[in-house]
Amino acid sequence: MLQNIRIVLVETSHTGNMGSVARAMKTMGLTNLWLVNPLVKPDSQAIALAAGASDVIGNAQIVDTLDEALAGCSLVVGTSARSRTLPWPMLDPRECGLKSVAEAANTPVALVFGRERVGLTNDELQKCHYHVAIAANPEYSSLNLAMAVQVIAYEVRMAWLATQENGDAADHEEMPYPLVDDLERFYGHLEQTLLSTGFIRENHPGQVMNKLRRLFTRARPESQELNILRGILASIEQQNKGK
């Protein structure tokens with residue numbers, strides 16, 4: 001189950017942080033590390049700071065885009081320390097651990113951490129089902145990357161241990177939620193339909209798509225429900241072609 005949980009680092013700029021993150025992961029039983037467009041490649045410093053978790057570094061998946069790192073996942077949680085202009089469904093670390101473990105019983109889950117200095121962009125955060133914030137001391141809330149990973153990884157492990165003790169891991173119903181790939185295709189289909197009907201304009205889309213993403217993220221449609229929505233969009237397109 002824990003192998004289904006990906007720790008995704010976006011554009012990491014210090015190899016030492018990669019090693020420290022690998023160490024934080026392995027102490028909690030997590031080994032699935034993804035590096036999105038790292039500004040530096042793992043080196044001897046990363047191995048040194050991994051302190052026995054060099055296998056996590058050696059097996060890390062290095063990809064060019066966040067979409068590649070999220071492919072095949074049914075749940076994506078992004079870390080965010082800042083209040084956003086467009087509020088998003090929020091979790092605390094404990095809720096994040098519980099949700100991640102529940103879903104990882106069936107499909108991959110991605111926990112996404114941003115750049116050391118500026119975190120994740122708004123566009124990247126909008127690819128997430130939830131945002132997670134760590135309730136640090138407001139007078140000094142500066143956690144480095146490995147610290148943030150350690151906090152979330154600890155809560156994941158606590159949630160996983162609870163399932164082992166309660167015997168909940170033996171029998172899980174298949175999760176009905178669509179994968180991130182399917183959701184992105186739906187959003188593309190929705191945007192194209194709204195453009196073709198004139199509801200939004202290509203050069204001036206405003207916040208419509210962002211707000212619709214938030215709406216569907218909050219509602220979190222199941223796979224069958226998403227198929228119904230795609231069918232509705234296809235029907236609208238067919239009607240437009242007949243005019």
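Placed from the backbone N, Cα and C atoms, the Cβ positions cover glycine too.
From a predicted model like this one, the values you see are computed outputs, not experimental measurements.
So that you can see what the record holds, here are the features copied from Swiss-Prot:
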BINDING   Thr79, Ser80, Ala81, Gly114, Ile134, Ser141, Ser142, Leu143  S-adenosyl-L-methionine binding site
If you measure every Cα to Cα pair among Thr79, Ser80, Ala81, Gly114, Ile134, Ser141, Ser142, Leu143, the residues listed for S-adenosyl-L-methionine, what is the largest value in Å?
16
Quick one: which residues besides Thr79, Ser80, Ala81, Gly114, Ile134, Ser141, Ser142, Leu143 have a Cβ within 8 Å of the S-adenosyl-L-methionine site's Cβ centroid, in sequence order?
Gly119, Ala133, Ala136, Ala148
Just to confirm: which same-chain residues, 6+ apart in sequence, have a Cβ under 8 Å from the Cβ of Ala81 (S-adenosyl-L-methionine binding site)?
Gly119, Ala133, Ile134, Ser141
Across all chains shown, how many C-beta atoms besides its own are within 10 angstroms of the C-beta of Ser80 (S-adenosyl-L-methionine binding site)?
22
Same-chain residues at least 6 apart in sequence whose Cβ lies under 8 Å from Gly114 (S-adenosyl-L-methionine binding site):
Val10, Glu11, Gly78, Thr79, Leu120, Thr121, Glu124
Using a 10 Å cut-off on Cβ-Cβ distances across all protein chains shown, tell me which of the binding-site residues (Thr79, Ser141, Ser142) has the largest neighbour count.
Thr79
What is the Cβ neighbour count of Ile134 (S-adenosyl-L-methionine binding site) at a 10 Å cut-off, with all protein chains included?
17
Inside 10 Å of the Cβ of Leu143 (S-adenosyl-L-methionine binding site), count up the other Cβ atoms and send me the figure.
16
